[in-house]
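Record features, source TrEMBL:
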- 156: active site (ACT_SITE)
- 364: active site (ACT_SITE)
- 140-483: domain 'Peptidase A1' (DOMAIN)
- 1-33: signal peptide (SIGNAL)
Ligand SMILES: *[C@@H]1O[C@H](CO)[C@@H](O)[C@H](O)[C@H]1NC(C)=O
Ligand SMILES: *[C@@H]1O[C@H](CO)[C@@H](O)[C@H](O)[C@H]1NC(C)=O
Ligand SMILES: *[C@@H]1O[C@H](CO)[C@@H](O)[C@H](O)[C@H]1NC(C)=O
Ligand SMILES: *[C@@H]1O[C@H](CO)[C@@H](O)[C@H](O)[C@H]1NC(C)=O
Ligand SMILES: *[C@@H]1O[C@H](CO)[C@@H](O)[C@H](O)[C@H]1NC(C)=O
């Protein structure tokens, strides 16, 4: 009797604990099995009118970077927040999608031409296809010091030559701050057209270095042309200069003095090429940094800064999960790109199947939205819709076809998206990288992934899905590392 009497209240008082226990059991089951989810706050963005974050007005960083013996770290900012003017976010966000598609189309043409491996078709692919359109797809900028002057550069892993707009200039777009002027720098040197550096340009740009001035004379400038295939280009002559990256000085850094520049670069001083050929910044700084660089791309929604680090000192990373590595796929025909082997993917913990896993996929800092072969995209979309249920759907927009109206929600729970690469390296897409806000009020929010037109086109991992990750490019050991990181500087 008394036993029973004491048992009952005990049982009742245990009930909440049991519920909690049950909840934890269910939660951990779902985490390990199906339905892994993350919470996204829909209205906590930089574009929310009530939010008082003021867009910084400068493309330049206040802090020029920090370094140690063998590494240096630069602040990386999103270009959308360096314009200073009142921003119409809705318009900006939608325009970015259109432009992104143009970049991808031109990348596909470039790949097609490079794969067919005739030099003729390479130069064909570099002929501007959509001239006159001012593209703004390369989104991240850093500040460096070139010959004693601060320069803001767009970071591009998809090209090689670093260049800045140069004085005297034939045709320059508007930039913040003065143009680089070689005539007032004692450390500037002309790169001559008979030098091996000038010859190396072919690999880097697809266009051979031309001899400027009187052709046939050895001691003339080495003229370059880089066409980005999307209507934008830079033309000028090669020079070398002392380049300061954070605390690290690189003497005789070869760069392009751009005298005729047009396209996607507005506001900035030029571009930093982090591709794989010998003129790229990565190759030129091999001695100092061992061919290793890494970045953390910030989410511009919350106005954070990211970082671009050079060198293999992993203690500068602020990774929140351990780094997993995957080999860089060797493809001689596409040697200037960084290619990974996408072997699988999962949505909310559910593994997907597709005959197109096990193929190469580009990792690009300039493309925004990840493009997947149709069969993989279809599997992703189907599983995502299966798990993200009960939300009002909305019409497709541009390349995005899985859209919702989430205006009336504050927080939503969304399935995790993982991409798996050879060697079991995992990119777990950050919660800010799952949905693209076509309309800032969340009335049109779309899954931020898109399908390629054809199964045999090459997939691309865009920067939207690389946000809040430490992505480490080790060009010497031919591998790429990934870990979660909340970007900051
Ligand atoms: C470059 O920028 C840094 C940081 O804002 C500033 O301290 C420095 O004076 C600038 N240097 C030049 C030459 O403008
Ligand atoms: C390039 O030409 C200059 C002037 O004729 C000559 O002094 C120099 O040695 C040449 N360099 C090479 C690498 O041929
Ligand atoms: C960061 O990555 C390193 C290398 O994988 C790992 O040892 C370390 O534990 C990671 N940090 C965190 C907080 O997970
Ligand atoms: C990708 O990895 C799979 C499994 O290791 C392998 O069978 C396949 O050949 C690889 N693909 C490429 C393009 O390296
Ligand atoms: C989105 O949903 C809200 C509330 O549910 C509704 O008032 C609004 O008209 C919808 N917007 C669009 C563009 O459908």
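Keep in mind that glycine also has a Cβ here, set from the backbone N, Cα and C atoms.
Because TrEMBL annotations are produced automatically, they should be read as predictions rather than curated entries.
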For the domain 'Peptidase A1' (140-483), mean pLDDT (0 to 100): 91
Residue 364 (active site): secondary structure state under DSSP, collapsed to three categories: coil
Number of other Cβ atoms within 10 Å of the Cβ of residue 156 (active site) across all protein chains: 22
